[in-house]
Amino acid sequence: RFIACPQLALTVQRCLQEGARPGPQPVLLECAPGPGILTRTLLNAGVRVVALESNSAFLPNLQSLENSLDGQLKVIYGDFFRLDPMVTGTVKPPAMCSDKLFETMGVAAVPWRADVPVKIFGILPQKKERNTLWRLLFALYECSSIYRYGRVELNIFISEKEYKVLTATPGETRAYQALTVLWQVGCEIQLLHTEPWSSFVTNLKNGGLAVPKSMWLPNDHLCLVRLTPQQNLFTGGLKPTNSATFIFMVKQCLAKPKSRLTDRLNSWSLDNGGKLLRELEIPRDAEARNLYPEDYRRLFEALQNSSMFTETWFHDDVLESIRHIN
């Protein structure tokens, strides 16, 4: 939960003003507003806010604030990080389905290349941070869940160590991972603000801060990061229908980052892998960790056009990977 920070309030107001365009503005969805400190900042910026709160203890104050305004704030009982649960039967609150949420907000789906329809502000749950990033990533590439409605923009606090992973380059061997490649291909990533852990309700019973340990990456702050889906994400050979294969390909390559790419291609029964790499101007002895995110996209699109490549043998492994993440 967020405590207070004047600098963050100014940052949020500036971000909203910078993103404003003539005409209808995107709906702003605030996740887990708690006591409503950031909610009031957003309202003072003059935007329409939908507050999605999963803790019933905070609802009365938020609803009181809602009743004092003329439609600028809408309060919904629900948990953003429990959207579209993989269950059968009735979904019990605070879990909810994204179609119900967007219907309640009054937001209709728009084409992918249209402007951002919704901006989301929130803090990723620390205990499930990595898993949440993967679930959002699958939804992004498959245009499912919140991304059925267009290029939804995330403005989320994540730990500094995960921010370092998302923005790593091939030279940063320990931080550069499949998650790095896939988020950089899928979104424009912008750091908006860094805030010390002490500004958040993360105290342990002994009075210390419940900061997740990190031995090899800095983790002194939470980072407010903007993730805006790329407008041209699906203009080439990458499509929502084959995106799971792209995700699996990247994960397979970077599972052993020091392995040579030609060896990986040969393990996929692509005997002409060396020729393919030459055509893409990728060195024959390149290791998986040497490729930039855009190189992985080019490699995938080249494989899609290759007469020797078929996705059928990928199918079971791709499905197992998706089930594991969900």
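Any Cβ shown, glycine's included, is placed from N, Cα and C.
Because TrEMBL annotations are produced automatically, they should be read as predictions rather than curated entries.
Annotated in TrEMBL:
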- ILE3, GLU53, ASP79: S-adenosyl-L-methionine binding site (BINDING)
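Same-chain residues at least 6 positions away in sequence with a Cβ under 8 Å from that of GLU53 (S-adenosyl-L-methionine binding site) are, in sequence order, ALA32, PRO33, GLY34, LEU59, LEU62, VAL75, ILE76, TYR77, GLY78.
Around ASP79 (S-adenosyl-L-methionine binding site), taking its Cβ as the centre, 18 other Cβ atoms fall within 10 Å, counting all chains.
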